Amino acid sequence: MDILIRAGVDDVARTAADIIGSYVKDGAVIGLATGSTPLATYRELIARHEAGALDFSGCTAFCLDEYLGLPPEHVQSYHHTIRTEFTSHINIADRNVHSPDAMDPRPWEAAQRYEQAIADAGGIDVQLLGVGTNGHIGFNEPASALNALTRVETLHPQTVVDNARFFDSPDEVPTHAITQGLGTILRSGHALLLATGAGKADAVAKMVEGPLSASCPASVLQLHRHATIIVDEAAAAGLKDAEYYRHMDAARPEWMGVDGRPRA
């Protein structure tokens, strides 16, 4: 894992946009996450597109997850959120932005189709992720199988509480979702996880320095062939080896980009 510690939210967003942008230029398959953490990164990517620096026309995107039972046009569906906050502001065709069919009466089959659609697209080149306060990524809650594929998942009560701020009432928060599995995420070419704020410090410490465990689903990224974790100072507060991670970042060879790949 490559741990990048930045001063604040905007610095995290700029570094994340640098990494994602390097893939966009290759016409990549991008995995998109929702929630509040990626929003600054999406704004940065939009600004770079509007400045003429990024062309998304050759890209394909797959949403990480979707609330079960919410139609695509629902204001809190992740399909709607991704379009409103990001993809409607860049030059990616709507037909190339995919999300699970959360209205299918046989959602387990919809999950299987979504997994196959990702495979048919050649897999995800770079997967953007956040982490929940309980260590979940996507909607892979504690006790999720570390090799699980896209499936229906029951939301942890803490996740419902955390997400209630997006709804008029906690009772409106769906209790199930279709999510890419931890095994699906491990298949991505590059996993890029962002975490900001003191509320994520404990989850970040367990993910990076704790044991590999289903009790902290994000710890599965310890097994990923190419994982980058970008955190601000507040989210890094629990990292015992923070100074080492800063040293590794500062000592990066000149030929290596911030994405961990050789510079073009």
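Here, residue 1 is simply the first one shown, and the rest follow in order.
Here the Cβ of each residue, glycine as well, is placed from N, Cα and C on the backbone.
Annotation comment: TrEMBL describes D65, H136 as active site, proton acceptor. According to TrEMBL, the feature active site, for ring-opening step maps to N134, E141. As annotated by TrEMBL, domain 'Glucosamine/galactosamine-6-phosphate isomerase' applies to 4-227.
The structure, with features from TrEMBL marked on it.
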residue: D65; record: active site, proton acceptor; Cβ neighbours (10 Å): 23
residue: N134; record: active site, for ring-opening step; Cβ neighbours (10 Å): 19
residue: H136; record: active site, proton acceptor; Cβ neighbours (10 Å): 25
residue: E141; record: active site, for ring-opening step; Cβ neighbours (10 Å): 22
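Here the CA atom of H136 (active site, proton acceptor) lies 12 Å from the CA atom of D65 (active site, proton acceptor). For the pair E141 (active site, for ring-opening step) and N134 (active site, for ring-opening step), the C-alpha distance works out to 8 angstrom.
Secondary structure at E141 (active site, for ring-opening step), taken from DSSP and collapsed to helix, strand or coil, is coil.
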